[in-house]
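If you check Swiss-Prot, you get these features:
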type	residues	note
TRANSMEM	57-77	transmembrane segment
TRANSMEM	85-105	transmembrane segment
ACT_SITE	ASP112	active site
TRANSMEM	130-150	transmembrane segment
ACT_SITE	ASP138	active site
Amino acid sequence: MKWFFTFASVVVLLDQFTKKLAVLFLRDRGTVTIIPDWLKLTYAENNGIAFGVEFASQAIMILLVGSISLMIALYVLKSGNRKTLFLLPFSLIFGGGIGNLIDRLTVGRVIDFIHFDLYQGTIMGSWVSLWPIFNVADSAITIGACMLILLHNRIFPEPDTKAENHVR
């Protein structure tokens, strides 16, 4: 469990540090362009979840994120699996959840600032922005979830049926 919490702590510290920098340098400045027409830093406060979707009050969001984080930690603890390939994706998701939970508890919403400007304009008469503004915690959650999907067979290998058949 030491590595699980170590990885998660790194995510939380990096997330909170970058959010403090965003508050300090971006909140009153607007947008800072890093790579023209592609990457910007834009301060935003998000009351919802992914893509700004709001579906519940902050109290319910805090309860939901806290419960999911607790379930992840308990699952990893009870699994007994201490392989890095197993711990890393769960610690990224856990750390990202805790990072955003800290924002909800202290600020009342999540601070976002990384903005990929893939396309902004009108489609069929409606203004659209094809990529949300996000943060380090969101990135960690997404990377952890992608690892679980893409590496599923390596993280959760099937039991060797040949070995089981020989035991009988």
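Backbone N, Cα and C atoms are what each Cβ position is placed from, and that goes for glycine too.
ASP138 (active site) sits 9 Å from ASP112 (active site), counting Cα to Cα. Its Cβ placed at the centre, ASP138 (active site) has 22 other Cβ atoms within 10 Å.
Over all protein chains present, the Cβ of ASP112 (active site) has 23 other Cβ atoms lying within 10 Å.
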